[in-house]
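Report on one structure; see the data block that follows.
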Amino acid sequence: VGFKAGVKDYKLTYYTPDYETKDTDILAAFRVTPQPGVPPEEAGAAVAAESSTGTWTTVWTDGLTSLDRYKGRCYHIEPVAGEESQFIAYVAYPLDLFEEGSVTNMFTSIVGNVFGFKALRALRLEDLRIPTAYVKTFQGPPHGIQVERDKLNKYGRPLLGCTIKPKLGLSAKNYGRAVYECLRGGLDFTKDDENVNSQPFMRWRDRFLFCAEAIYKAQAETGEIKGHYLNATAGTCEDMMKRAVFARELGVPIVMHDYLTGGFTANTSLAHYCRDNGLLLHIHRAMHAVIDRQKNHGMHFRVLAKALRMSGGDHIHAGTVVGKLEGEREITLGFVDLLRDDFVEKDRSRGIYFTQDWVSMPGVLPVASGGIHVWHMPALTEIFGDDSVLQFGGGTLGHPWGNAPGAVANRVALEACVQARNEGRDLAREGNEIIREASKWSPELAAACEVWKEIKFEF
């Protein structure tokens, strides 16, 4: 018989250093930490095998298919500078292994069982190259950056948001009031907190109604288009869709979803509904740190960001950069570009392992949120540029005079930074000066500067 039973080394079948990658292959870069005594080639081949066609022993049914056509291949291994026990294994997967238009299926294969594999101490997926042939099977973001600007009629500046706090405990009426005050003061958006779904103190339908009222009142008074991210995340897909449908019936511009806790299947369904019905979709990344925080195990956020662009979302939270380490800044800007741009070159200094061509799939606006305030505005404007959403929760609601003045302070600071930049000034060097000048004309901004002045910002 042509079948030899028994266990054999993975590297005999799955380590192929001479392999020329195809344009249609999905390429993955894994950071592998093998158990002591397991050679890199064997560990890399094991990853390729376990995340594609392999199993632990030779099986009779292997003879019924063409392994050459379907197997994953570890085609390159490189050491990691400064880490004795780690290396990067590059794996190529044939396109046929994956269902079209399913992020869920892609992840089930690539980051499925293999992460519990005994021969490895740890495994981290650092980056994925999605071939254009696979990209084209996804609808992607419901609308994208340009369409959003046109819908909102806001150009040439970042958009401003604010998460309504306290995140849990407000009644719907008081919640709506906070929304109105922020929008009236000058913000473009307010946001449901990611944990706000439909709890006993505020059921979703009541919240939607009072927020819609707040939006329309603020729009009428300011002459600007306003939005509130109504969180449609729910315990079942049916309930999630019910909430999205009600939002559409109210005529509001945008809804929101927690894509990791809600799951990619639910998210993609919601994204399709949003495109069909003209709703923008704001994505929150609750649970991402469970997956991406460990340096040697899990998945890097850039992979989750790519997956979201494929599954669909118009905004996604992407960290703030400010006050963090310099290296962190380059890495963050790397995946921010992966979200926004049509074509991104391989650049290891920014953590980008592969050149990615999105073939005109719409882009996603990165959202900077978490612990930022008016003194950060120049840096945020410089780092993120116009195509971003800057969200100040406490930085708006924590204003000593209240929500509306807090919103005014942020809007004045933003407009001052944008104007200064357009006049050719260096925001990195003159940032504090620009904010100080602007605060002479805005008592609201002056008060905000005073409250947060001791929180130093090292650029």
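Cβ from N, Cα, C; glycine included.
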Checking Swiss-Prot, the member of Arg203, Arg205, Arg285 that binds substrate with Asn113, Thr163, Lys167, His317, Ser369 is Arg285
Using a 10 Å cut-off, grab the number of neighbouring Cβ atoms around the Cβ of His317 (substrate binding site), all chains included.
-> 21
Reported as an integer number of Å, what is the Cα distance between Arg285 (substrate binding site) and Lys191 (N6-carboxylysine)?
-> 14
Inter-residue Cα distance where the pair is Ser369 (substrate binding site) and Lys4 (N6,N6,N6-trimethyllysine), in Å | 57
Non-local Cβ contacts of His284 (active site, proton acceptor) (under 8 Å, 6 or more apart, same chain)?
-> Glu194, Asn231, Met256, His257, Asp258, Tyr259, Ile316, His317
Rank the recorded positions Lys165, Lys167, Lys191 by the number of other Cβ atoms within 10 Å of each Cβ, and give the residue at the low end.
-> Lys167
